[in-house]
């Protein structure tokens, strides 16, 4: 006997299925489920009178043969697709994406449930990979709480606290600071990787930072990003398989953008602030988007272009870069970096996939908890202003959604050599997962899973008789406590440092994972974000032309994912 359910009834019971569409928060973005891995009539669901019970959806298999945790009937949104599936977690890693249940009595089971299996109900929820923010100024450790609660599970950058150098640059300079920061990383339930200071014209000061545990090096104009420093830094990176991030020369003191590109010599580099106002060669840093060896990112303060963007930026810039508004040269420096035309073009370059990544620039002009929000606000603004992307139709925005989710998940992972561990929802990867109610997508996660264990969740009054009574807010869960913390989060280091035995020497508790493949990744590898246009920026008007087309758009006066979500 079969029972026919309406699509609405089915979605309310088991979540959306193939052909169903989901609105992302209060945006104009719609995603459509492309495939359902579960079988109609054989879905598993936990609860009184439901399927996952002994002898029904739960098998007699031992712990070795079943998942540790199954997220049931979830909609996965990732760069590779938008599908409905059960997600299996085993030993802190994603074990399978498919159909869960009892293989003794159910057909098509690819994930066995047993007495050793915990269940997280994913019905009606969207699951994304944990976000990766690659532009972190480690000014205050409390940033980590904000980032984790927003859905970011990996932070890469540099710093030592609220030192003047860290306020402006993402560098953890020298072996002593590197050791201290790696020791501090043991206390936080998030994946961390640190960049050393790359501004030197001889190799030894850079190599010793890589040996001390840096996953890469950061070149910043405030420390002197000259062609000689760039060349030396990239040479060391090539020798150690680490990445270089660069904030280029806003004042064009040591050369124009062409001189910087020439110093790259075709070698892979992650260009921070490839944007309209964040810094770097004024006014034409955007030109590097067209280089095959350049992996470009921008930061969230200009995302997206709104009627308030310009006014906000001047004061931010003066504080972050230790400038004095009473000094004419400092004021001119600040004003040269804030250009409405290039900010507007930045929106479009993100939408067309020329800008491959988006990050925060935390407490140094950017907001650490708003990477994900501002990514999707940009996607919404571009859909409203520019319409559907090629590859999307009238029914959904699937391609645009895949393009934008890749900007803060898989592409940063590929860039910094950590994609073998994080950055996507794929079997074998570390189980860093973010669960969202669709109405709150991109704004307020329902739950953050770190290394297979719940780290942060919206939780009600701990003294209540059930979990839901007010006040409901984000609270740290058991993955953030005791020895579980070190077993559910990773610290990324160089292979050189791992071989040197820094784990034992520094007394580290977290698992150290070496970065790899940093020197072979190119713009072509940036998933859904690999466009290499020929860009020209008019030095007088700042108009941006890409492959012959003028890139311009109006500032937004109203945005979704904003005030209505933050009344309390």
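Glycine too: its Cβ is placed from the backbone N, Cα and C atoms.
Summarising the annotation, Swiss-Prot assigns active site, proton donor to 321. Positions annotated as Ni(2+) 1 binding site by Swiss-Prot, on the basis of sequence analysis: 135, 137, 218, 361. According to Swiss-Prot, the feature Ni(2+) 2 binding site maps to 218, 247, 273, an assignment based on sequence analysis. Swiss-Prot lists 220 with the feature substrate binding site, giving sequence analysis as the kind of evidence. Residues or ranges marked as domain 'Urease' by Swiss-Prot: 130-568. Swiss-Prot lists 218 with the feature N6-carboxylysine.
Within 10 Å of the Cα of residue 247 (Ni(2+) 2 binding site), the following binding-site residues from the list 137, 220, 361 place their own Cα: 220. The Ni(2+) 1 site is defined by 135, 137, 218, 361, and by the 8 Å test on Cβ atoms against their centroid, the other residues of the chain that qualify are 136, 157, 158, 169, 170, 245, 247, 272, 299, 359, 360, 362, 364, 366.
Of the recorded residues, the residue listed as 'substrate binding site' and residue 273 (Ni(2+) 2 binding site) place their C-alpha atoms 11 Å from one another. Sequence-distant contacts (6 or more apart, same chain, Cβ under 8 Å) of residue 218 (Ni(2+) 1 binding site) comprise 157, 158, 169, 170, 171, 195, 196, 197, 198, 244, 245, 246, 247. For the pair residue 137 (Ni(2+) 1 binding site) and residue 273 (Ni(2+) 2 binding site), the C-alpha distance works out to 14 angstrom. A Cα-Cα distance of 9 Å separates residue 273 (Ni(2+) 2 binding site) from residue 361 (Ni(2+) 1 binding site). Excluding 218, 247, 273 themselves, the residues of that chain whose CB lies within 8 A of the CB mean position for the Ni(2+) 2 site are, in sequence, 135, 169, 170, 219, 220, 221, 245, 246, 248, 271, 272, 279, 280.
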